[in-house]
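For reference, the structure discussed in these notes is given below.
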């Protein structure tokens, strides 16, 4: 790579720079307790979210990072911090005073006691004199190791478990795993053995690692160079998913040892770990499929391991299988050897150094298509009846892999890349190195039933997972607090790559809508910084949210535009080269960028508040002639004033961009000192194309921009127009601007033809409609729908029931017609019902336009006969794209019994896959008959839901959010609060629960603030 000429870099200066303030941690005063080594209040920090105590200054040095966290939860079976105090209690007799004031002669007993006391006092003085002076100072004698005594928890067998923290110790690190597995798809169990080569960093008698739900039958240890396996005692502590191997002798620094463990377990019936999947083959026969999903914490349920991302190692994997099945793993297959009758063993090449959560294997009956590119064989695998839908994914993966290798200047390091369609999969996809697993709808493209939106989704998911092969796999975050380094970067690269390789998809419009939704979440008090301290499994699961993905990506987009694309790309290359096959933190990325900026800009200072503070700024613009003044504050919906954080602690360095009436928006993307402009401008619009993560309030200038949109809306780009619509409706919700002005701004939409502003306006108006409809304001809701029809009716009439046009036009058609059919606008339902009836008469064989298929199915499912026919077609369809549209249409019924049936059967996962449940609940909760039903279902099945999908998971986040988002009464607020408070502490403390409560309070506030205005306005 040719080094970037950093001395020639010209960096823009369009930025508000403000001093930044950091939040002070909450402090617990432990100094009130008497102890041998007194702790000052500032020596103990308390983080209530994770029940942690950080103790400093207790020995010669501060505790190591891996020793800093102790669980203080009562669940730790008696573990506590003990402060031992030694107080001298001296019983001193006093002289008695006679009534006349003279002192009587002390008794003999008194004299003896006084003599004893005198001796003790003299002894104490001598001890004090001989002790070091530092003993009685505030700091104490740091050369002596005055540590607090820790009471360890009990293992499952009642013995003391030698480790008390959630994070593993670092005195032993793994180097290599030899893993042998034998899954049985008849008994649905598996047996395994693992040999882990570890290196000792610090002398110890224990090796603590992770294991969850494994029945361990044997454990031994072998010393370096030794051949004799020595039996060892092993202890289990299920609360932390930990086991401890107790060595028969001290493990010496620098030496390697091999831990050998044999075990067995059941294939999981959840979506985590090594799990089983049932599906029907082309002959409708039930077949079984075994696959893995280890991120974030489930590798430990497939084999004992050091299951933290920083513990990277190499892996040699062997899998015993039925000879009629096939296996896949991260690396290419090295050899296959017979074991017994009908059973063979596949051995894979040794992997690169990687984290445990990236290990993967699949055992199933699969077929594939392949193509080689740049020395790597790219393959797409699917069950046999779906192989004809794999072609688009293969072409897309090859193009994207070639693009990433050129952009990063690092070759994809493996000889093969497999993309596998899994019949039942909770998330969209998983980036396992060399073996990426996908939900079928995110990988398979059917030319007859997949829509423009389906094509965009498949392309986006492949782009995201391939980006992970560098961001996440080659360079991994050290701990889950910096998950955004993985997910934010992969999301940013996903949309950047799509713009570069597939510009016809207009992926930037989708990214814009995602940013808007992320900002809605980030404006709540329940939000969290992109980089947040996490400890428990629930907290780690909750990091997989819109902020880690979308906010992280949008901050990188903002930085790229500010640094310029060449500087940003050079910084990315430095980051990947400096940390390949290792782990990194946020600061490592900023340091890499600073290597390129070479002192002209401190990227770390610029990005600090964006990463470490929650929320985002609101920039207010005031224009007086040639003078433009701007100021910032935190954009936050104030719900509970007692939880309000002062604005002064939230100041950002904001890269500002702007466009004015005197320059072309495609070229005018800078801002220097605006008052140095020699001419006055008619209008000014900040945050060009929404490339910055902030909102803008134009104060008195909104009228100027509204007039501009009415007279010449194309003076602004489609993304700028969408940005204005989003900002003014959010400001109306905040109370900074009137709802009347927001409705005035969107009056221009009758002339609008671009997808981004139309979809954003429809989204904002739908929020208002849903809120009114679900809260007894049906007449007012009907008036909102009438306004929508006034603005968009002509556009709806112009849509053709075909699949022609650009991808952006086709996607808009799908959005408008589906909305119109659901709400019975114009003649949409009539046309759709007629097409559905023709399809029924053909017994489902007639080809329907894929872009309007969902609208047709939705209209058809309104009748009982149509719903039943659609359900039967769902069971028989071989296209996952078609089935996805069918299930949403089925869930949009007004029949309460059908809604309940769908949700219940999806939860059971037999006739409808459990992967569809969150989509079904989302659809049901949007309808008037269904929104209370969805919430009741969640309440009644909370235990089953959290067992199937895990507390904190993205699916649980969505289920909680959708099932409560329509509530806007104090009764519902109390009900939601009471329900979660009645559950476990883990449930009640979920961030998604707090977000749901915030949202209900905001809905109540919005209704109180705007209901009267709406009645006058409409």
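From the backbone N, Cα and C atoms, a Cβ is placed for every residue, glycine too.
Looking at the stretches 48-68, 69-89, 90-110, 111-131, the one that TrEMBL records under the feature transmembrane segment is 111-131.
A Cβ within 8 Å of the Cβ centre of 464, 468, 487, the residues given for Zn(2+), is found for these other residues of the same chain: 431, 465, 467, 471, 472, 486, 489, 490, 491, 493, 494, 549. Cα separation, residue 468 (Zn(2+) binding site) to residue 549 (site 'Transition state stabilizer'), rounded: 12 Å. The Cα atom of residue 549 (site 'Transition state stabilizer') lies nearest to that of 487, taking the recorded positions 464, 465, 487 as the candidates.
It is 468, among the binding-site residues 464, 468, whose Cβ has the fewest other Cβ atoms within 10 Å in the structure shown. Note: residue 487 (Zn(2+) binding site) has non-local neighbours 472, 544, 548, 549, 552, i.e. same-chain residues 6+ apart with C-beta under 8 A of its own C-beta.
Mean pLDDT, taken over the domain 'Aminopeptidase N-like N-terminal' (173-358), works out to 96 on the 0 to 100 scale.
Within 10 Å of the C-beta atom of residue 465 (active site, proton acceptor) sit 27 other C-beta atoms, taking all shown protein chains into account. Residue density at residue 549 (site 'Transition state stabilizer'): 26 other Cβ atoms are found within 10 A of its Cβ, drawing on all protein chains shown.
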